[in-house]
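Let me begin by presenting the structure, written as structure tokens, before commenting on it.
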Amino acid sequence: MKQLSSAEVRQLFLDFFKEKGHTIEPSAPLVPNNDPTILWINSGVATMKKYFDGSVIPDNPRMANAQKSIRTNDIENVGKTARHHTFFEMLGNFSIGDYFKEGAIVFAWEFLTSPKWIGFDPDKLYVTVYPEDEEAKTIWREKIGLSEEHIVEIEDNFWDIGIGPSGPDSEIFYDRGPTFGDDTSDPELYPGGENERYLEIWNLVFSQFNHNPDGTYTPLPKQNIDTGMGLERMVSIIQDAPTNFETDLFMPIIREVEQIAGVKYGHNQENDVAFKVIADHIRTVAFAIGDGALPSNEGRGYILRRLLRRAVRYAKVLTINEPFMYKLVPVVGKIMNSFYPEVENQTDFIQKVIRTEEERFHETLNEGLAILETILKTAKETNEQVIKGADIFKLYDTFGFPVELTEEYAEDHGLKVDHAGFEAEMKEQRDRARSARADVKSMQVQGELLANLTAKSEFVGYNATEHVSEILYIIQDDALVDEVASGKTAQVIFKETPFYAESGGQVADKGTIESETGLAYVEDVQKAPNKQNLHRISVKEGVLKTGDTVKLAVDKVKRRETIKNHTATHLLHRALKDTLGEHVNQAGSLVSPDRLRFDFSHFGQITEEELTKMEEIVNEKIWEQINVVIEEMPIAEAKELGAMALFGEKYGDVVRVVQVGKYSIELCGGVHVRNTADIGLFKIVSETGIGAGTRRIEAVTGKEAYRFVTEQENTLKHTANLLKATTKEAPQKVEQLQADLREVKRENESLLSKLASAASADIFESPEEIGGVKVIAKQVNAKDMNQLRQFVDNWKDKKIGGILVLGAVQGEKVNLISAVSEDAIKAGYHAGKLLKEVATKCGGNGGGRPDMAQAGGKNPAELATALDYVSTCVKEQQA
């Protein structure tokens, strides 16, 4: 067997399929682009769904990739098994309506057994097949020459993820020999069984059926191939490693952790689990942050936070009690740099994010652990088997403990956790967290009509807004028709069109279609599978027919305003990077006639000064009257120019480059102004956070910017008039009013304090004596909880001692407060427990510390009853 590094195995795979006529697709970012069905790219095929369901026709039906992936449905097993990972690489080859079973099987066998490639001993390889897949069995037996003993029928060998393409599959296994299992009585010791001897290395999926919504299966219009080879497994065989973790993908990380911890790997099972957890999780977190995800309490951000905190928990096993994960980022970058330069290129930013997250967790970890230990100890002392949901929620909400982390600690003590109770406390957050356990979701059912419309349609709208063309196709109700009449809607493809199809954030053009016999409006334009512009139209007069010569006219006003916003978006993108840092990546955009919206990745808040700076930069570029140059060039040349690519997009060999002087260079298929002066004016309307690590700027240009400024100016004038000041004097006048208001509030608080003190003389006079304990339970006039606290302060100052409970009516609700002196606490009284009981008598609840608590109620009419109940509670406790 050849001795190969992981980088060499990856490259051999891609070189092999390139030689076989496949286009090598770049690895997509882990954060899905325009696919809301999954949190992460979790397989090689996840980026190919649009080809498999026929919504897009690829330029080359043969494709291959090495795709970084994240799966989080088995986090608890990572580190405890030989091959569970949260981050992994999937090598795959794909055929969309080209070669099928024989081609896929022959390619796989050649790559695995040819001395030119991997060079495995054929006798070491076994395959599994679906029992009813006679075609695959015949190919393995007759074309490849495998004996019956090396072909195993497995009922589960059928790939089906719900509605969409499905079909049988064939898995290839490598026999690692009797060292990894030789018990002939073991019912799982066979290829496809649960054992360490026969290791699955490649899965060949033969997509030949549509799984229809009604549950039936029908043959696909185009049969497809989808294969997946786990790089980590493959490398473990080639490098003769007992588990994936002893390969060159993980060992450099483990060695670095050894240096940090002063503990050796391979000498203690508990320590080794910790090493593996850390090595796996840092790969996931580093790549995910590099691809635009950031730690948070929801969605994919919750997964990152959970992984980081799980790694920190395991680091304690290795006596690492300080932030350290960030130190491993350069190691990950170095291991993967030959194919994935993104981690090494963003090391500083990724380290900053991880270190900040670690420091935050360490601030609360020890306190949280102390509370958890108390909870676990109490549970054991009281013979409880389950940790309460309320306790789990407190650890999560206050100390940032993921419920899974609490569960792992509980399991270590032989206890379970109350998941249902926790979910009742925090249903929304748990729902979002559970959504992270999604796998590849159903694709659309593969359709034929649009995929079979192959006539070319040319977009001529870069240089024209009007054009005479011919109708090629009219589609109504998913069928080709010859004509569409007044009052009806349809989809139309023209031989040439000036109408821009929605893409890259730019909205579709609208406009009119005129022929000798009819008039229609274009309401939307989208891309068809074969890249034609597909126009959704409504016919207003007469009839339109296939073959008609028509005049197409784009709405010039809307187009003009749209392109101003599009070029301004490019300028803003560059200004964001210049102001905030190169880590900023586009996360989405909308370019419409009336505004632009730009979503981007950024860790932290944006200051007013930064927003002002960005706005100034964009306007300076507008006023510099820079020509916008657009040209097509090879992608390699565009990269040499430093062109920015849209994060997550895939590009062909020739790309369209939009250059705004030397300031902004981007790959873009949209329509733009000829000179930045055409934009006129740029104003930022708002800046907000829309999710973990994602922020949004909305802005306007041209007439809309003028309108926005005018509205702001009118608002300022109106405010100045109310203040009886000029617009220049208005800010100073507002500051003075604020100062006056603060002084009035201060004086008011002072008066209220004096009133409370005066009222206290009556309230605190002659407290009730119950078993030697002074008890005061009275209703007072207090507008809010702050005033009630002032009464408590006065009670403490007078050193009356005992128990105090006060209530006040505030509108339709009740405020309650209680206090217990130190000697009463020693006697067993607890302010929080007492007030919790009292509050129930007026429709409320609450609680607090032994010395002080507060509560609310919903029934003011029962306040007197609640206060009378205080004496009863004290007497019951003394009984």
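Quick reminder: no glycine exception, Cβ is built from N, Cα and C everywhere.
As given in Swiss-Prot:
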BINDING   HIS566, HIS570, CYS668, HIS672  Zn(2+) binding site
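Cβ-based neighbour count (10 Å, all protein chains) for HIS570 (Zn(2+) binding site) stands at 25.
Around CYS668 (Zn(2+) binding site), taking its Cβ as the centre, 26 other Cβ atoms fall within 10 Å, counting all chains. Look at HIS570 (Zn(2+) binding site): DSSP puts it in a helix. The Cβ of HIS566 (Zn(2+) binding site) has GLY505, GLN506, VAL591, LEU596, GLY670, VAL671, HIS672 as same-chain neighbours under 8 Å, each 6 or more residues away in sequence.
Neighbours of the Zn(2+) site: apart from HIS566, HIS570, CYS668, HIS672, residues of the same chain with C-beta atoms within 8 angstroms of the site's C-beta centroid are GLN506, ILE563, THR567, THR569, VAL591, VAL628, VAL658, GLU666, GLY670, VAL671. Cβ neighbour count for HIS672 (Zn(2+) binding site): 25 (other Cβ atoms within 10 Å of its Cβ, all protein chains included).
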